[in-house]
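These notes are about the structure you will find just below.
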Amino acid sequence: MSYYDNILEIDSDLNGNGLCIGIVMSRFNIDTSEGLLGACTTELAKLGVQEADIVLVTVPGALEIPLALQKLAISDRYDALIALGAVIHGETYHFDVVANESARGLIAVGLEYDIPIANGILTTDNEDQATARMTEKGAETARVAVEMANLALTLGEMDQSTTSS
């Protein structure tokens, strides 16, 4: 769909066929993390990503997710990565540190290694909020990963065609 005349618009799609997706999941707040994972992998399958093309790595907590994502990104095997976990507010400042630093780490890895990363780390005030959000957030991260993987591939092809001209 074109919104502006004479402007090239680059669209992406939600076709996951042929994409390889890496998932890093925190084991802290495991019930919520597993709920996110179930919704995410179900949606990935609906989008056409084959089970054999999905790799899951688990880590102790949200702060460990960026390092595991970095190791997956270095392998150059994945079209997109997904971070899953839950940071639930407690009575201390620790929540803010974990929520902010894990998000910062995801962005840093994605930009440094030129790979889309879908952030499925829930940050909520309590377990009830996390439970209420985990299904939609898990599915959403799958859609974001597939769409951004396709967009990155398209933009990469465009970049190669302009440099070879």
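Any Cβ shown, glycine's included, is placed from N, Cα and C.
Non-local contacts of HIS94 (active site, proton donor) by the CB criterion (under 8 A, 6+ apart in sequence, same chain) are absent. Look at HIS94 (active site, proton donor): DSSP puts it in a helix. Here Swiss-Prot flags HIS94 as active site, proton donor.
According to DSSP, LEU63 (5-amino-6-(D-ribitylamino)uracil binding site) is assigned to a helical segment. Residues or ranges marked as 5-amino-6-(D-ribitylamino)uracil binding site in Swiss-Prot: PHE28, ALA62, LEU63, GLU64, ALA86, VAL87, ILE88, ASN119.
The feature (2S)-2-hydroxy-3-oxobutyl phosphate binding site is assigned by Swiss-Prot to GLU91, THR92, ARG133, with sequence analysis given as support. For the recorded site, ARG133 ((2S)-2-hydroxy-3-oxobutyl phosphate binding site), the DSSP three-state label reads helix. Sequence-distant contacts of ARG133 ((2S)-2-hydroxy-3-oxobutyl phosphate binding site), defined by Cβ-Cβ distance under 8 angstroms and a gap of at least six in the same chain, are LEU122, THR124.
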For the binding-site residues listed (LEU63, THR92), most other Cβ atoms within 10 Å of the Cβ sits at LEU63
Out of the binding-site residues ALA86, ILE88, the residue with the smallest number of other Cβ atoms within 10 Å is ILE88
Determine the Cβ neighbour count for ASN119 (5-amino-6-(D-ribitylamino)uracil binding site): the number of other Cβ atoms within 10 Å of its Cβ.
20
When you measure from the Cβ of GLU91 ((2S)-2-hydroxy-3-oxobutyl phosphate binding site), how many other Cβ atoms are you left with inside 10 Å?
6
